[in-house]
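This report refers to the structure that appears directly beneath it.
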Amino acid sequence: MASYLQWMSQVLKEAISLGGLPEELHDLIFKPERVISVKIPVKMDNGKVAVFEGYRVQHNSVLGPYKGGIRYHPDVTLDTDMALALGMTLKNSLANIPYGGGKGAVKVDPTKLSSRELEELSRGYVRALYKFIGPEVDIPAPDVNTNPQIMAWMVDEYSKLSGRNVPAVFTGKPPELWGNPARIYSTGFGVAILAKAAADAFMGGIEGKKVAVHGFGNVGSYAAYWLSKLGAKVIAISNIYGSVYDPNGIDVELAISKPEVINDVRAYPKGQKSNDTDVPLFVDADILVPASLENVITPEKVERVKAKLIVEGANGPTVPEAEKLLYSRKGFHAVIPDILANSGGVVMSYLEWVQNLYWFNWSEEEAREKLRIIMMDNFKRVMEAWKRLSEKNADKLVTMRDASFALSVERIYKAMKLRGQI
């Protein structure tokens, strides 16, 4: 886990160097502003009291309130949270939204808790952090093993402690409780919008382009759905049990309507089934969307990857050495990096927050269109930065990921300078 933190440190150093920014900026951005450790006592169903360990890393607030998810997992560590919080600082900066970065976690296996125990733990986490969070201070959201119901409990607890309704303190809430229906698919929708933008820029458009999706969970399934709506042909999908390949196209709407297919894609009634989960990586597709885990595109696998455009739905699916090999290939266009491609979730969280602050009531369609506009604007800014930095550094490879991180750090640097912090 510490290695992930070290990797993020190196990414930050390279972005600062590429952007020609002062070296001392590294320590100013890398180190979190505040790290909060809490204990959460919960009376269990057996009558005994268990004490759970929790964290909140408030990484950087130069651009606005801290923003980032809360994870429930037995293997969380503070180092991991610090790295993820730095990642949120950079992602929110690149997304051009008024947020800094944060991340929270509770060391727990939520599958071993009853619903009552889970609710008490969630409310206890809010009570422990009440003085440190708020709509203009720190706005948590769902992450690994947390969901809209948990956000509903948390916003209720915060509101009780405040003596008034405070909907803007958490995002990712149920639509029935100050959320927006577009939130559930916003990350996948954003991936699809970026894939279309990149296809328009590099491949003459998205219409008829063959797409393979590695990972048919929330992000992958909705990315596939919206890409098919935009005119692409999804030819391969996979999850932890196996894969389906159909060169004539998969009916994504049919696939996501069947719970058994969401559980195991091999239950899809058509196509070629396989127990090999990596089939989408290697089929003859124009666009590959890795939306499962980190490090799935490795140097050993690169030669078999046929796609000319990769759009990262997951965090860190492309190993750096593999990415360099991809860019060295004739006809390869780009890897649209995770920091840009999968930011739809946090952008939609921003829109939900604005709704809550001013008691707006945007429809699902209105929120989705606002998300599309922001994602498109971010893509254009990164493309411009990529061109500029590539011309400035003509003697070396500059990837779209490099340009994204450099643009993100540049925005933070300018804000720090204007505020007199550097």
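Any Cβ shown, glycine's included, is placed from N, Cα and C.
TrEMBL: automatically predicted annotations, no manual curation.
So that you can see what the record holds, here are the features copied from TrEMBL:
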- Lys103: active site, proton donor (ACT_SITE)
- Lys67, Lys91, Ser349: substrate binding site (BINDING)
- Thr187, Asn218: NAD(+) binding site (BINDING)
- Asp143: site 'Important for catalysis' (SITE)
Recorded positions listed as Lys67, Lys91, Lys103, least Cβ neighbours within 10 Å: Lys91
For the binding-site residues Thr187, Asn218, Ser349, the one whose C-beta sees the most other C-beta atoms within 10 angstroms: Ser349
Pairwise CA distance, Asp143 (site 'Important for catalysis') versus the residue listed as 'active site, proton donor', rounded so that it is a whole Å: 9
Cβ neighbours of Asp143 (site 'Important for catalysis') where a neighbour is any other Cβ within 10 Å: 19
Lys103 (active site, proton donor) - helix vs strand vs coil (DSSP): strand
10 Å Cα neighbourhood of Lys67 (substrate binding site): matching recorded positions from Lys103, Thr187, Asn218: Lys103
Recorded substrate site residues Lys67, Lys91, Ser349, farthest C-alpha pair in Å: 13
Secondary structure of Lys91 (substrate binding site) (DSSP, helix/strand/coil): helix
Cα separation, Thr187 (NAD(+) binding site) to Ser349 (substrate binding site) (Å, whole number): 10
C-alpha spacing of Lys103 (active site, proton donor) relative to Thr187 (NAD(+) binding site), in angstrom: 18
Nearest-integer angstrom distance between the alpha carbons (Cα) of Asn218 (NAD(+) binding site) and Lys91 (substrate binding site): 20
Cβ-centroid neighbourhood (8 Å) of the substrate site, Lys67, Lys91, Ser349 excluded: Gly68, Met88, Asn92, Ala95, Ile97, Tyr99, Gly101, Ala141, Ser343, Gly345, Val346, Val347, Tyr350
Where Ser349 (substrate binding site) sits in the secondary structure, as DSSP reduces it to three classes: helix
Integer Å distance between the CA atoms belonging to the residue listed as 'active site, proton donor' and Lys91 (substrate binding site): 12
